[in-house]
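*Asks:* Below is a structure I'd like to ask you about.
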Amino acid sequence: MLIAILLGFLFSLLLVFTGKFFKGKPGIISAAIPLVLFGYFLQFIPEISAGGTIVHSYSWVPSFGVNLDFTLDGLSLLFSLMITGIGFLVFVYTAAYLKNHKYLDRFYGYLSMFMAAMLGLVLSDNLITLFVFWELTSISSFFLIGFNNSNPESRKSAITALAITGLGGLSLLAGALVLGSVGGSYSIDELMNSSGEIAASPYYILIAILIFGAAFTKSAQFPFHFWLPGAMKAPTPVSTYLHSATMVKAGIYLLMRMTPVLGNQEFWNSTLIIVGSITMVYAAIHTLFRTDLKGILAYSTISALGILVFLIGQGTEAALLAAAVFIVVHALYKATLFLVTGIIDHQTLSRDVTILRGLRKVMLPVAIAGFLAAISSAGIPPTIGFLGKELTYESTLALVGTPLLWIALILITKILLLHAGFVAGISPFIGQLPERFEKTKKPGILLWGPPIILSVAGIVFGVFPGIIEGSLIKPVVAAMGQDAGDQHLQLWHGFNTVLWLSVATIVIGTVLYFTIKPSQKLVKMVTRVEYISPESIISGFWSLFNKFSSLWTRIFQNGYLRNYVSTILVFLIGLTGYVLYNTANFSMDFSTLSEITVYEIVVVTILLIAVFFVVFTRSRLAAVASMGVMGLAICLIFVFYSAPDLAMTQFSIDTLTVILFVLVLYRLPRYLKLSDYKTRIRDGVLALSFGSIITILILEVLAQPVNMEISEYYAQNAYLLAHGKNVVNVILVDFRGSDTFMEISVLAIAAIGVFGLLKLRLKKTDQR
Amino acid sequence: MRTIILKTASAYLLPVLLLFSVFILLRGHYLPGGGFVGGLMASIAFVLHAFANGLSNTKTLIRFHPGFLMPVGLALAFLSGMAPLMFDLPFMTGLWYPEAIPVIGSLGSALFFDIGVYLVVIGVTLTIIFTIADTI
């Protein structure tokens, strides 16, 4: 299974080297990867539907309980099949959609990276691993949204999406850590067993809020929804794949996965119901005020995600069944509508619903796909959409409390979604074909094939729900700890309230479709209240934050090294001095000190002379040289106190430092007295107080009892365990080898930094 | 600063200093020394050569940009840390060849780690100094 997950990463790595080959026509070969994976996951259906789960475990960082544990159960199987299945169609579609794009290979690289990350996300059983893959999906989404990186709008949307989903990622990490420490494990499977303890713990609310933070940002719930419409700047295959079918459902997945662990609590259920219902109604109303096809679809996607959150919040067996069905429904029809929109955009170069008409004459297969998807989204029988809607109504009717309110809200949402589906899937194809579109080229089969497959699947599953009932849907509910054994998916439920609600939805929705037409006037109406939208409020916060940080930068990062040094010193003196003032006892035991020897006096005298020389000399080179003298004097002190390793290192470092200084200073103009007396006195006071603080600190440290345990351990084991007699070196290369490795990495980074700063300066002509 | 004495001396000093730095590197496990100091000494040897003969001559002598030593050293250190994984031991476990080898003494993964440190230090120091000397 690890290979199945890593395949996408490996492929994107391969593209780095062989990208040229995948540009243009051969790009379609890459669609083989999701296809193979789809086949791979299909073979697990019998085992999963029989109630089994498949577990693969690889240890990663066992000492922290972080393992690559992958579990395939009903829930992850459904998502895996969606990711690879829709992934395959999107890969194929992309081959035609971005046929002549310069960076098609990069696109495939990001796309397969995303696919792998998403698979990892839904298959991980370990919270930390899940977090890693979660972040990877955010990052690949960032690259894909900003794919047209020459467009500033794209870049802005990409950053907004990354900021919002990244924020959610942090929240997920925090949630995972708290959950792990409360539940005693990072394994979701084990956490399910301790769900009672978790619910009883005082941290339950905190955990739930953190998990909500992750899920709501990723799944674009109110008030974090606004990154999703912005993300529509991405090429349409991306919108189809990431921002409607899979990635935005990662939040839904997380909530479903966490339902057995955190669910069935008052706080969990009511928060989800409230946030979900606000989102679904808010976004559904927004679809009325859009004329851009992708904008309409974006808001209807948010609304659909809201419905899912609402259903998960209900938490009953019927609601979870409805959610599982609705995930399939939505993936099928929304992906189709996006692909259809993409084709229209690709062929006519327009996405404006107010001018698109009669396109069935030039692209009949696309029109069929659009029509089928629209009726599925409307929930008209015999589509699977009808099933999804019936189940939603049914579970909402069974809600305790105020079902009337919820029914009203869900009814409004469904009606508006029907309207949105009709506008996006039907209205561009009916009516009179305007002259300007008469010469529209017919799309190829690579373009219209994928949406046809998806939309026909929506009908087939609707007519024969048995295909997916036992194999896909019920295992999902079972994975969430509920048993949906006695429920059956069927089109005909008899004359009951649910049916009347369905009829009402379809009738009112259709009437609405004929009365409210998308127009510029409606778009203007909504821009008038834009200033109170969450987006404007949050971007207001952002600009405030930007102002604050530039103010901060102007004060503290002013580019003068001397100011940096004095700022650092002032803070050190202040903080350390404060602590020392409160805790130090300023007593010294002179009796334990060893006697002062003659050569120590000599060295210290040299040191003092050198210090004064540095401060008062008028020649720069002389100052550097006497700094070198100070360094060497300190080396001698190290030698006296038997630290030959330190002395050697200090000696070499000092030599090199002096050389560096000389190299730089040799070319500088003559020494000038730049600072006046006041600054000099200020700096002198600063330096003296810093020196005194450090001295006091060292004396205090010496007064503390020394714990010899660690040094004794090293001294005893250096030869036994590491075959070395030089303890210092053994610590460096063996006991603390990882530290050394980090340190040399940092050194290398510093050197690259210096090289970059000095060598890669812009040429005069390139400078602005 | 180019004197004939320094120039002549540096021609002989360079190999001797380099040899000395390798000596320091190898003795590190038992006696004061090690990859870090050894690397610094080797870089000092090159810097001395550059002072006496000019930077461009030293660069031709080294043939490649010293910066390339950094990834090589990092890779060597990393691989010596990874090696124990092949024997199902945790990362960075010291591996030792059971018998001592003449001249070098007992051989272990720590030696390769130290050689990695040595190379990185040479690479870093020379890159920084050469870059600064070049641009100023």
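Counting begins at 1 with the first residue displayed.
Just so it is clear, glycine is given a Cβ too, placed from its N, Cα and C backbone atoms.
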*Asks:* Give the range, chosen from A:1-19, A:685-703, that TrEMBL lists as transmembrane segment.
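*Replies:* That would be A:685-703, per the transmembrane segment entry in TrEMBL.
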*Asks:* Please find, within the list A:238-256, A:542-560, the residue stretch that TrEMBL describes as transmembrane segment.
*Replies:* A:238-256
*Asks:* Any contact between the transmembrane segment (A:74-95) and the transmembrane segment (A:319-341)? By contact I mean 3+ C-beta pairs closer than 8 Å, pairs at least 6 apart along the chain.
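*Replies:* Counting Cβ pairs under 8 Å (6 or more apart in sequence), the transmembrane segment (A:74-95) reaches the transmembrane segment (A:319-341), since there are 3 or more.
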*Asks:* Counting by DSSP, what is the helix, strand and coil composition of the domain 'NADH-Ubiquinone oxidoreductase (complex I) chain 5 N-terminal' (A:62-108)?
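*Replies:* Counts, helix then strand then coil: 32 helix, 7 strand, 8 coil.
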*Asks:* I need to check the long-range neighbours of the transmembrane segment (A:28-45): which residues 6 or more away from its ends have a CB within less than 8 Å of a CB in the stretch?
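*Replies:* Distant contacts of the transmembrane segment (A:28-45): 4, 7-8, 11, 22, 54, 72, 77, 80-81, 83-85, 87-88, 91-92, 95, 108, 112, 115, 119, 446, 471-472.
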*Asks:* Same chain, outside the transmembrane segment (A:596-616) by at least 6, Cβ under 8 Å from its Cβ: which residues?
*Replies:* 622-623, 626-627, 629-630, 633-634, 636-637, 640
*Asks:* On the 0 to 100 scale, where does the mean pLDDT of the domain 'MrpA C-terminal/MbhE' (A:680-759) fall?
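*Replies:* Averaged over the domain 'MrpA C-terminal/MbhE' (A:680-759), per-residue pLDDT gives 83.
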